[in-house]
Amino acid sequence: MKDFPIAISLLFALLSPVLLPCSGDSTGGVEDDSPATVCIVGSGIGGSSVAHFLRNYSVSTGLNQAKILMFERHEIVGGRMRTVTVAGDTFEAGGSILHPKNYHVKDFVERFNLTVRLPTPIEESSAIGIWDGKRFVVKTFGSGTKFPFLDTIVSWVNDLYLFLRYGLSLLRMSSFIENTVDNFLKYYESLESRPIFDNVEGMLKWSGLYNLTKLTLQEKLSEAQLSPLLVNELVTVITRINYGQSVLISGLAGAVSLAGSGGGLWSVEGGNWQMAAKLINHSDVTLHLNEKIESISYLENHYELKSTKGNSYKCDVTVVATPLDEVDIQFSPTISIPKRELQHTHTTFVRGLLNPGYFGMKSLSDVPALVGTLEDPLIPFSCISILRKYSKTDMTYKIFTRQPASDSLLDELFSRRTETVRIDWGAYPKYHAPEVFAPFILDDHHLYYVNAFENAASTMETSAVAGENIARLIISRFMTKESLSSSDKRSCSSGLHSDS
């Protein structure tokens, strides 16, 4: 959901239990020579990544001929990666931005020759305002002139303005983000040095990220000696935009949110959902669209999946790659996972013209292109941003709210509306500290849960990282007589693989 162009890249320099080795012992497995059937529930980046890595990592194992069935309850693939069309233009409505060090999704884009979309000049040069409900407590200058020298001067002025307001806390925040990113990069190390994890806690402890889930972002930033002013203003704006929540989210989710607001951000031209579509198409998957799985039952040595279409499927391995928090799937035997709520973000796209009077301004040019807000229940929106300018009186905007945006609110915010599109997303978990995690393995057999990792952080890349681990976990546990050979491990060593 993180799509708002945030022109604050100038602030950032950048943004253990070892359980099962790649050649580890296996449990359960194939008892005959027939190909195994792997069923994946959910076609988002998590589920499609599992399919992709299963195909790439099981070349010389008994799973290399596995049949992969994928079930998607909607009519298109992509999960929470969706686009919306407003007045003929396509915009990201779900998972929207990618970090320059999101190496799995970068590999997907390069592998399938997808086109990278970089921020437009208006996005990179947009002025930012922080609204407290009555006035702008922070307001930077926009650039984007035809003269690069003038743009540089404006950037320096904004630098100085923010430094005078927040001081050395800006540098401490940059260091906090960089340390988190460096730890996350351990998930791309060679497979020889990177274990397979059967629980989220072990995965986070190994990378040095677990302690960030034990305290809130506010507490972690206080430990890092950031000023309360910076936390209550700029950091709050970022967490409200990227996760729809306050600085009381867990420290790890907050750090990921901050990293998603720096420079070098990008997306896929035409929609990020294309990554999932390409992964599925190139992984020899039998795709069942518009088919909702309503029950998953373990029957002696296999799973039976039943759908709302009345169909039944026999599966040796089942992977749940959709949040179980708002999906009604009956499990037999029952499973036990911690209760978790999803944070709903209401996204509204409006083509029209913002009302400067709402912000106490006489001219629209006085209103920043991105308006973020402080944590105040009386403020009815999290942020408003210009997505596209057609003319001085005709633009497309994107608004995030925690509650549905009523017509009366939109009529206050806009002087004119020609088109309005509303979307309600169960976007990501409601983060707390300390976090409690569901297991990757939901039973004693082969029922796996990709979205257990979402309680650490929810992004397209973290879903791909979790999907890769699940694929390795399936291979290591499923095989009774075989394990990944040395040659296989060498072919996997980069974590980013070429099709065979």
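Glycine is no exception: its Cβ is also placed from the backbone N, Cα and C atoms.
Other Cβ atoms within 10 Å of the Cβ of N56 (N-linked glycosylation site), summed over all protein chains shown, number 20. The N-linked glycosylation site feature in Swiss-Prot is assigned to N56 (among others); the stated evidence is sequence analysis.
Among the features that Swiss-Prot reports, N-linked glycosylation site is placed at N113 (among others), with the record citing sequence analysis. Non-local contacts of N113 (N-linked glycosylation site) by the CB criterion (under 8 A, 6+ apart in sequence, same chain) are absent.
Among the features that Swiss-Prot reports, N-linked glycosylation site is placed at N211 (among others). Sequence-distant neighbours of N211 (N-linked glycosylation site) (same chain, 6+ residues apart, CB-CB distance under 8 A): G251.
The secondary structure of N281 (N-linked glycosylation site), as reduced to three states from DSSP, is helical. Positions annotated as N-linked glycosylation site by Swiss-Prot, on the basis of sequence analysis: N281 (among others).
Under the heading signal peptide, Swiss-Prot lists 1-24, citing sequence analysis as support.
Under the DSSP three-state reduction, N211 (N-linked glycosylation site) is assigned to helix. Of all the Cβ atoms in the protein chains shown, 13 others lie within 10 Å of the Cβ of N281 (N-linked glycosylation site).
Taking the Cα atom of each, N56 (N-linked glycosylation site) and N281 (N-linked glycosylation site) are about 14 angstrom apart.
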